[in-house]
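What Swiss-Prot lists as GTP binding site is 40-48, 58-65, 88-92, 146-149, 176-178. Sequence annotations record features per position, and here Swiss-Prot assigns N-myristoyl glycine to 2 based on sequence analysis. If you look up Swiss-Prot, you'll see 3 marked as S-palmitoyl cysteine, on the strength of sequence analysis. The region 'Disordered' feature in Swiss-Prot is assigned to 1-20. Annotated motif 'Effector region' per Swiss-Prot: 62-70, in sequence order.
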């Protein structure tokens, strides 16, 4: 399940992969273009995270992402314009063939679980198997526990989640798309880590 996408602003969603905006040599729109893939079970709030990051919006109206959607946002890191193409993948098994094709070329991956759902946390292992199969060996990862505003319904203790992430040497943090908690920080952290790992021209 996902949030209904906004129709306004530069963060509008599209399922058409030809809608990218590329800078030219004479009028560059950005210094670096990064592709980030957001994966995880259906209903963990992936679309809501993108909507919050791209448009600073949240809606309680839910629709399932069909296939793959994306949003674009340009940020500044160390004086450089970084354009982020953030891909929101469907969590349902029936879209697996479609979504796994988008792993190729991804610079970073955010694996999302719902802190109120132990099943979604346990699914991280399955998602990481797909990452190992389809993504570049150099892809950087971030595990995110979303919906931390629902702490009273928490099913996944952060200490347990952090121990799991530490064993895999993957950073982890918790977010709330509804309350806009650490959403920007999550995407910016991953983008910063990718930038640091990329050879500078």
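Including glycine, each Cβ sits where the backbone N, Cα and C put it.
Owing to the predicted nature of the structure, the values given are computational and were not obtained by experimental measurement.
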Per DSSP, three-state class assigned to residue 40 (GTP binding site): strand
Whole-number mean of pLDDT values that fall within the motif 'Effector region' (62-70): 57
Cβ neighbours of residue 40 (GTP binding site) where a neighbour is any other Cβ within 10 Å: 24
Lowest local Cβ density among 44, 48, 148, which the record lists as binding-site residues, within 10 Å: 148
